[in-house]
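Participant: Once you've had a glance at the structure underneath, I'll fire off some questions.
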Amino acid sequence: MNIIEIKQLNRYFGEGENRVHVLKDISLSIERGDFVAIMGQSGSGKSTLMNIIGCLDTATGGSSKIDGKETIELTNDQLSDLRSQKFGFIFQRYNLLSSLTAAENVALPAIYAGMPQSQRLERAKQLLEKLGLGDKWQNKPNQLSGGQQQRVSIARALMNGGEIILADEPTGALDSHSGENVMEILRQLHEEGHTIIMVTHDKHIAASANRIIEIKDGEIISDTQKRQVKSAVKNPSVFKGRFGFSKDQLMEAFRMSVSAIVAHKMRSLLTMLGIIIGITSVVSVVALGNGSQQKILENIRGIGTNTMTIFNGNGFGDRRSRHIQNLKISDANTLSKQSYIQSVTPNTSSSGILVVGNKSFTSANLYGIGEQYFDVEGLKLKQGRLLTEDDVDQSNQVVVLDESAKKAIFANENPLGKTVIFNKRPFRVIGVVSDQQLGGFPGNSLNLYSPYSTVLNKITGGSRIGSITVKISDDVNSTVAEKSLTELLKSLHGKKDFFIMNSDTIKQTIENTTGTMKLLISSIAFISLIVGGIGVMNIMLVSVTERTKEIGVRMAIGARQINILQQFLIEAVLICLIGGVAGILLSVLIGVLFNSFITDFSMDFSTASIVTAVLFSTLIGVLFGYMPAKKAAELNPITALAQE
């Protein structure tokens, strides 16, 4: 029964005037279990014929059938499956992968055939034992002689059963003794039922075959049958696996990717550098933005949450506002009666000289406030008492200090009951409160708080106030409250001669602004990620070029295009992923150092930014690794195997 049937087979190379007719109307059939030698000089077309038989190449025209299946119209993946199921290749130069042990080289075809991992190594060891290399299964190719390497190559050809063994000049790189050993193995495989097709130019080697086909200039010039094929041929054991994607194939691709990265440590590190810098920049910028945003929002909360301050004029940029003094104490009293307002305080202030004993302070601020001011602004009592309604009604000359003023004036002394003189007016200290955060950071002035009635009557004179601060009830929407408050004051004044600063609006504005800045700076930092991705693509293209022969070997033993694609894609993703993790760790280290030396605010790392960084580095690997991986997967097996 014929296992191979070829009819009117032609193969051309090149186009136009450079077109070469390599095989010319070749017709032949090979019986199952036969031992055939194809002879011819270099350039005769014998290797091209063997490549077409072995599904490494396709004919330009004609028919080539393996076990009755036409191969001319098969897809690349179908040809890969056929090579994995039917063929075992023995190459003149062995074509073993230098990074793998003898057993791993032998087991390689079984990965693409889908053989379970538990069986692969055991079968590889058995084959090596059969070929006299049982004690060499852990050796790398460079630790083996030429004859031993060729025996490993033969074992690899038998891994999936090797029903058809294709041997291309199997003794060409060996001495006579090793060559004779290889031929003895081939004769034994023939006895076991394997169909052997051997390409050689040596008549002595060809004499071992049952049949000798001689080719010259792409044509068969002789076909000599020396011995008949035995009528009862034992079929060799062939592994019937699943010829598709599997977990083992993925793990093999992952392992080979790691090996490739480790084999070129410095190159891999330099390739990762762009990714490391990009990820470090993005994560650090986001952490800085988060930290500064949290600090500013914390300071706003220190000024007072859900509060609004009403000022004279049309805005902070209104030059006429200093001359407009339309806010009155009666406005504050009216506002205090509204159901949506929790607390109200009129505000006025004066700057002057503070004298305490024999010490004088020139940067002192005296704030005239209502008794509800501390509730509105969220200031906590630290010592003594706060202002009361009686203090306001009676214009008592009492003051409450903030902590900074207390430390500057009295140091470690108890300030309660002590007298301070502001602009030649004596005031008795009754309490100490927490510092108020103004403008986002504490100021350098000494802050004293006194009843607004006292400041108006005894310091500034007049009845007009600078501002009114209200605290909105927690269950009221601040935007709705602001509209109601605006309409009320407009009705009281007859016009809108004031403006309102809403702490919630400021908070939202700051969040939006810092978010925009983070996005802008992150976008700039993202450019370095793109540059790093281009570097990864360049290195992967170099890697494909360096490992072209390896790709050809994998394809010859049954690897599909998807297997090659995933191997190089995983390598690119690994480089970017490792670079991304390194970038995150470097950013965290920078954050630790930053937080150790900077006390105003800290770098705040978020889980979202770290996860996003990891995903982005992976995405960069996929995007920039795809083109080199696709190039590797689309290589022609013959071209790849011919690469030195």
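Using N, Cα and C of the backbone, Cβ positions are placed for all residues, glycine too.
Keep in mind the model is a prediction, meaning the values are calculated, not measured.
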Participant: Under the annotation given by Swiss-Prot, are ILE521 and VAL106 positioned on the same side of the membrane?
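Facilitator: For VAL106 and ILE521, the topology recorded in Swiss-Prot gives opposite membrane sides.
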Participant: When a 10 Å sphere is centred on the Cβ of GLY45 (ATP binding site), how many other Cβ atoms does it contain?
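Facilitator: Its Cβ shell of radius 10 Å holds 22 other Cβ atoms.
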Participant: Taking the centroid of the Cβ atoms of GLY40, GLN41, SER42, GLY43, SER44, GLY45, LYS46, SER47 (ATP site), which other same-chain residues have Cβ within 8 Å of it?
Facilitator: THR48, HIS201, ILE215, LYS216
Participant: From the DSSP assignment alone, can you count helix, strand and coil residues within the topological domain 'Cytoplasmic' (629-644)?
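Facilitator: DSSP composition of the topological domain 'Cytoplasmic' (629-644): 11 helix, 0 strand, 5 coil.
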Participant: Within the topological domain 'Periplasmic' (595-607), how many residues are helix, strand or coil going by DSSP?
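Facilitator: Grouping H, G, I as helix and E, B as strand yields 4 helix, 0 strand, 9 coil.
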Participant: Counting other Cβ atoms within 10 Å of each Cβ, which of the binding-site residues GLN41, SER44 scores lowest?
Facilitator: GLN41
Participant: Which number gives the other C-beta atoms within 10 angstroms of the C-beta of GLY43 (ATP binding site), all protein chains shown included?
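Facilitator: The Cβ of GLY43 (ATP binding site) has 13 Cβ neighbours within 10 Å.
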Participant: Going by DSSP, is SER44 (ATP binding site) part of a helix, a strand, or coil?
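Facilitator: Its secondary structure by DSSP: coil.
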